[in-house]
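Novice: What Swiss-Prot records for 39-46, 82-86, 142-145 is GTP binding site, and it gives similarity to another entry as the kind of evidence.
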Amino acid sequence: MSDLRISEAFLYMDYLCFRALCCKGPPPARPEYDLVCIGLTGSGKTSLLSKLCSESPDSVVSTTGFSIKAVPFQNAILNVKELGGADNIRKYWSRYYQGSQGVIFVLDSASSEDDLETARNELHSALQHPQLCTLPFLILANHQDKPAARSVQEVKKYFELEPLARGKRWILQPCSLDDMEALKDSFSQLINLLEDHEAVRM
(Lines of atoms letter the chains of each structure in order from A; the text may use other names.)
(Lines give C-alpha, C1' and ligand atoms only; values in the text may rest on other atoms or scores of the structure.)
Protein backbone atom coordinates (compact mmCIF):
# COMPACT_ATOMS: atom_id res chain seq x y z
CA MET A 1 0.00 0.00 0.00
CA SER A 2 1.38 3.45 -0.96
CA ASP A 3 2.11 6.14 1.58
CA LEU A 4 -0.78 8.18 0.12
CA ARG A 5 -3.31 5.39 0.69
CA ILE A 6 -2.02 4.85 4.23
CA SER A 7 -2.40 8.56 4.94
CA GLU A 8 -5.94 8.53 3.51
CA ALA A 9 -6.83 5.54 5.70
CA PHE A 10 -5.57 7.27 8.83
CA LEU A 11 -7.39 10.47 7.91
CA TYR A 12 -10.64 8.54 7.44
CA MET A 13 -10.21 6.82 10.82
CA ASP A 14 -9.58 10.21 12.42
CA TYR A 15 -12.76 11.50 10.79
CA LEU A 16 -14.81 8.58 12.14
CA CYS A 17 -13.42 9.16 15.64
CA PHE A 18 -14.25 12.85 15.37
CA ARG A 19 -17.82 12.05 14.30
CA ALA A 20 -18.24 9.61 17.16
CA LEU A 21 -16.88 11.98 19.80
CA CYS A 22 -18.00 15.40 18.63
CA CYS A 23 -20.97 14.99 16.31
CA LYS A 24 -23.03 12.55 18.28
CA GLY A 25 -25.43 15.25 19.48
CA PRO A 26 -27.45 15.32 22.68
CA PRO A 27 -29.28 12.16 23.75
CA PRO A 28 -32.99 12.10 22.96
CA ALA A 29 -35.13 13.75 25.62
CA ARG A 30 -37.04 11.49 27.96
CA PRO A 31 -40.81 11.66 27.46
CA GLU A 32 -42.75 13.45 30.18
CA TYR A 33 -46.17 12.45 31.46
CA ASP A 34 -48.55 14.47 33.60
CA LEU A 35 -50.14 12.38 36.34
CA VAL A 36 -52.53 13.01 39.20
CA CYS A 37 -51.94 11.22 42.52
CA ILE A 38 -54.92 10.78 44.86
CA GLY A 39 -55.75 8.87 48.02
CA LEU A 40 -56.91 9.48 51.57
CA THR A 41 -54.84 11.36 54.12
CA GLY A 42 -52.38 8.95 55.72
CA SER A 43 -52.23 6.59 52.75
CA GLY A 44 -48.59 7.55 52.20
CA LYS A 45 -48.73 9.46 48.92
CA THR A 46 -46.24 12.14 49.93
CA SER A 47 -43.78 9.71 51.52
CA LEU A 48 -43.73 7.41 48.47
CA LEU A 49 -43.20 10.25 46.00
CA SER A 50 -40.53 11.85 48.18
CA LYS A 51 -38.71 8.53 48.42
CA LEU A 52 -38.75 8.17 44.63
CA CYS A 53 -37.28 11.69 44.38
CA SER A 54 -34.56 10.78 46.93
CA GLU A 55 -35.72 13.48 49.32
CA SER A 56 -34.93 13.37 53.02
CA PRO A 57 -37.64 11.70 55.15
CA ASP A 58 -37.30 14.62 57.58
CA SER A 59 -38.64 17.01 54.94
CA VAL A 60 -41.86 15.07 54.31
CA VAL A 61 -45.00 17.01 55.27
CA SER A 62 -48.49 15.73 54.56
CA THR A 63 -50.05 17.53 51.59
CA THR A 64 -53.00 19.72 52.56
CA GLY A 65 -53.77 21.26 49.16
CA PHE A 66 -51.70 20.01 46.26
CA SER A 67 -48.06 19.72 45.31
CA ILE A 68 -46.20 18.86 42.12
CA LYS A 69 -43.11 16.70 41.87
CA ALA A 70 -41.02 15.72 38.85
CA VAL A 71 -40.23 12.07 39.48
CA PRO A 72 -37.31 10.94 37.28
CA PHE A 73 -36.94 7.48 35.79
CA GLN A 74 -34.45 6.17 33.26
CA ASN A 75 -36.96 6.18 30.40
CA ALA A 76 -39.41 8.91 31.44
CA ILE A 77 -40.13 11.81 33.75
CA LEU A 78 -43.42 11.75 35.63
CA ASN A 79 -44.81 15.15 36.57
CA VAL A 80 -47.01 14.11 39.46
CA LYS A 81 -49.69 16.42 40.85
CA GLU A 82 -50.44 15.11 44.33
CA LEU A 83 -53.78 16.13 45.84
CA GLY A 84 -54.46 16.25 49.57
CA GLY A 85 -56.75 13.53 50.87
CA ALA A 86 -58.59 15.25 53.72
CA ASP A 87 -62.40 15.25 53.79
CA ASN A 88 -62.62 18.95 52.93
CA ILE A 89 -60.17 18.60 50.02
CA ARG A 90 -61.44 15.47 48.26
CA LYS A 91 -64.57 17.21 46.98
CA TYR A 92 -62.29 19.45 44.90
CA TRP A 93 -60.19 16.67 43.38
CA SER A 94 -61.99 16.74 40.05
CA ARG A 95 -60.96 20.36 39.48
CA TYR A 96 -57.38 19.17 39.05
CA TYR A 97 -58.00 16.21 36.74
CA GLN A 98 -57.83 18.10 33.45
CA GLY A 99 -54.72 17.40 31.41
CA SER A 100 -53.81 14.22 33.27
CA GLN A 101 -52.35 11.34 31.26
CA GLY A 102 -52.50 8.80 34.06
CA VAL A 103 -53.61 8.26 37.65
CA ILE A 104 -51.84 7.03 40.79
CA PHE A 105 -54.21 5.96 43.57
CA VAL A 106 -52.60 5.18 46.93
CA LEU A 107 -54.51 3.31 49.64
CA ASP A 108 -53.53 2.27 53.15
CA SER A 109 -53.85 -1.51 53.13
CA ALA A 110 -53.67 -1.55 56.95
CA SER A 111 -56.36 1.09 57.55
CA SER A 112 -59.64 0.72 59.43
CA GLU A 113 -62.71 -0.73 57.73
CA ASP A 114 -64.30 2.72 57.59
CA ASP A 115 -61.28 4.30 55.90
CA LEU A 116 -60.97 1.39 53.50
CA GLU A 117 -64.60 1.79 52.49
CA THR A 118 -64.05 5.52 51.93
CA ALA A 119 -60.99 4.74 49.81
CA ARG A 120 -63.01 2.25 47.78
CA ASN A 121 -65.72 4.83 47.10
CA GLU A 122 -63.14 7.41 46.04
CA LEU A 123 -61.39 4.95 43.73
CA HIS A 124 -64.70 3.93 42.16
CA SER A 125 -65.50 7.60 41.54
CA ALA A 126 -62.10 8.18 39.93
CA LEU A 127 -62.33 5.09 37.71
CA GLN A 128 -65.69 6.31 36.39
CA HIS A 129 -64.88 10.02 36.12
CA PRO A 130 -65.17 11.25 32.50
CA GLN A 131 -61.69 12.83 32.56
CA LEU A 132 -59.98 9.76 34.06
CA CYS A 133 -61.93 6.69 32.98
CA THR A 134 -59.85 6.04 29.85
CA LEU A 135 -56.45 6.68 31.48
CA PRO A 136 -53.93 4.17 32.87
CA PHE A 137 -54.25 3.63 36.65
CA LEU A 138 -51.57 2.54 39.11
CA ILE A 139 -53.24 1.46 42.35
CA LEU A 140 -50.78 1.06 45.22
CA ALA A 141 -51.74 -0.98 48.29
CA ASN A 142 -49.35 0.78 50.63
CA HIS A 143 -48.08 -0.05 54.14
CA GLN A 144 -47.57 -3.72 53.35
CA ASP A 145 -44.95 -3.78 56.12
CA LYS A 146 -47.63 -3.33 58.80
CA PRO A 147 -49.08 -6.39 60.58
CA ALA A 148 -52.67 -5.46 59.70
CA ALA A 149 -51.94 -5.02 55.99
CA ARG A 150 -54.36 -6.68 53.60
CA SER A 151 -52.96 -8.66 50.70
CA VAL A 152 -53.35 -7.57 47.09
CA GLN A 153 -55.93 -10.29 46.54
CA GLU A 154 -57.94 -9.08 49.54
CA VAL A 155 -57.80 -5.51 48.27
CA LYS A 156 -58.79 -6.55 44.75
CA LYS A 157 -61.80 -8.44 46.08
CA TYR A 158 -62.90 -5.76 48.55
CA PHE A 159 -62.54 -2.97 46.00
CA GLU A 160 -64.38 -5.03 43.35
CA LEU A 161 -61.71 -4.15 40.83
CA GLU A 162 -62.18 -7.00 38.38
CA PRO A 163 -65.77 -6.14 37.37
CA LEU A 164 -65.41 -2.38 37.82
CA ALA A 165 -62.14 -1.90 35.93
CA ARG A 166 -62.75 -4.47 33.20
CA GLY A 167 -61.53 -3.10 29.89
CA LYS A 168 -59.46 -0.39 31.55
CA ARG A 169 -55.67 -0.13 31.82
CA TRP A 170 -54.81 -0.60 35.48
CA ILE A 171 -52.24 -2.17 37.78
CA LEU A 172 -52.69 -3.10 41.44
CA GLN A 173 -49.41 -3.50 43.31
CA PRO A 174 -48.35 -3.93 46.95
CA CYS A 175 -45.80 -1.46 48.26
CA SER A 176 -44.06 0.00 51.28
CA LEU A 177 -41.24 2.43 51.92
CA ASP A 178 -39.04 -0.54 52.85
CA ASP A 179 -39.18 -2.06 49.35
CA MET A 180 -38.01 0.49 46.82
CA GLU A 181 -37.32 -2.10 44.13
CA ALA A 182 -40.96 -3.20 44.14
CA LEU A 183 -42.10 0.43 44.12
CA LYS A 184 -39.89 1.32 41.16
CA ASP A 185 -41.06 -1.79 39.33
CA SER A 186 -44.66 -0.69 39.83
CA PHE A 187 -43.89 2.68 38.26
CA SER A 188 -42.02 1.00 35.40
CA GLN A 189 -45.18 -0.95 34.63
CA LEU A 190 -47.17 2.29 34.74
CA ILE A 191 -44.75 3.93 32.30
CA ASN A 192 -45.29 1.01 29.91
CA LEU A 193 -49.05 1.58 30.12
CA LEU A 194 -48.56 5.30 29.51
CA GLU A 195 -46.40 4.62 26.45
CA ASP A 196 -48.98 2.21 25.04
CA HIS A 197 -51.82 4.64 25.75
CA GLU A 198 -50.06 7.53 24.03
CA ALA A 199 -49.19 5.31 21.04
CA VAL A 200 -52.86 4.40 20.60
CA ARG A 201 -53.88 8.06 20.81
CA MET A 202 -51.38 9.01 18.11
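Using the three backbone atoms N, Cα and C, a Cβ is placed for every residue, glycine included.
Keep in mind the model is a prediction, meaning the values are calculated, not measured.
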Novice: What residues, ordered by sequence, lie under 8 A Cβ-to-Cβ from K45 (GTP binding site) and sit at least six positions away in the same chain?
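Specialist: Result: C37, I38, G39, T63, E82, G85, I104, V106.
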Novice: For the binding-site residues listed here (L83, A86), tell me which residue's CB has the most neighbouring CB atoms inside 10 Å.
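Specialist: That would be L83, with the highest Cβ count within 10 Å.
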Novice: Please name the residue among the binding-site residues G39, G42 whose C-beta has the most neighbouring C-beta atoms within 10 angstroms.
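Specialist: Buried the deepest by this measure is G39.
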Novice: Give me the count of other Cβ atoms within 10 A of the Cβ belonging to Q144 (GTP binding site).
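Specialist: Summing over all protein chains shown, Q144 (GTP binding site) has 20 other Cβ atoms within 10 Å.
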